[in-house]
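What Swiss-Prot annotates here:
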| type | residues | note |
| --- | --- | --- |
| BINDING | 166-173, 191-195, 213-216, 280-283, 309-311 | ATP binding site |
| BINDING | S173, T193 | Mg(2+) binding site |
| DOMAIN | 1-159 | domain 'Obg' |
| DOMAIN | 160-328 | domain 'OBG-type G' |
Amino acid sequence: MQFIDQARITVRGGRGGDGIVAFRREKYVPAGGPSGGDGGHGADVVLEADSNLQTLLDFKYKRLFAAIDGRRGGPNRCTGASGQPLVIKVPCGTEVRHLTTGILLGDLTNPGERLTVAFGGRGGLGNAHYLSNRNRAPEKCTEGRDGEEWPLQLELKLLAEVGIIGLPNAGKSTLISVLSAARPKIADYPFTTLVPNLGVVRRPSGDGTVFADIPGLIAGAAQGAGLGHDFLRHIERTRLLIHLVDSGADDPVGDLRVVEKELEAYGHGLVSRPRLLVLNKLELLDEQGRDDLLERLEASSGHRPLLISAVMGKGLDALLDQVWQLLGV
């Protein structure tokens, strides 16, 4: 299973229609003047944010998007029809960059937001434009211009306020499933989650807050190891991170350090993002082992971890209280 959150496409505006050479042909007007109409303008290519889309999967199978051309002009100064814009739907949270230069062209965040990425060519001029005192029967017209053509890089970043991070198998999918109505695939082996899962958790006010279960990181993720860069970018837009540590892992403290190191190496302000350290799977620990592990995690991170059992539903109210407090809701 592959989460398509990057795509490369080419967009091409429609070509303008040609102007034409024509003359009035009317009864009793033996020498009618020029009447060639202009060509219509080529259609633009427009990207539009759509809240019903979750991935860029559609762009895996189609890479070239060409808008329709304008129609050629007609006699009697009739202008050819201009092309209607080609509207391409993309998920909310899609960044659009010029593939060659890397320049950010736009960030489509809100539903219905639009960005014109290739303008159509202007229509050519008919010979009616070239009538003058010195030339009463011009035979000149111009062709329509080509539309713009650009290679684009699309990147999708999840729009979630809270990101749940941790090494594979830390229990992130279980946590988001019990906190929200999301039902991600859950199994007891690493890398079950290959697609970021979104869930809406209700605040005390009744409003919803979007949580994202970010697939498991591994050492070297910031340099692109595993699924690193593909998923670290999704954390950038979150306001708060829940760092989940598996209490049943061979080295929970080492796991904590791996994730912290990757956040620091990736940059983009992630290491300074407000974060809650949460120790999951308390059902695997006796009292002495729990207290010892909590002390070691606190010594390593400088923060006292919250203790929960996602599978048993324990400690979740206290966790959410901390989340709402840090979000200021």
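Positions of Cβ are set from backbone N, Cα and C atoms, glycine also.
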Least surrounded among the binding-site residues, given as N169, S173, S309, when other CB atoms within 10 Å are counted: N169
Rounded Cα separation (Å) that holds between G166 (ATP binding site) and S173 (Mg(2+) binding site): 11
Cα separation, S173 (Mg(2+) binding site) to S309 (ATP binding site) (Å, whole number): 13
Mean per-residue pLDDT computed across the domain 'OBG-type G' (160-328): 80
Largest tally of Cβ atoms lying within 10 Å of a Cβ, found at which of the binding-site residues K172, K281: K172
Integer Å distance between the CA atoms belonging to S173 (Mg(2+) binding site) and P215 (ATP binding site): 9
Protein Cβ atoms within 10 Å of P215 (ATP binding site), excluding its own: 24
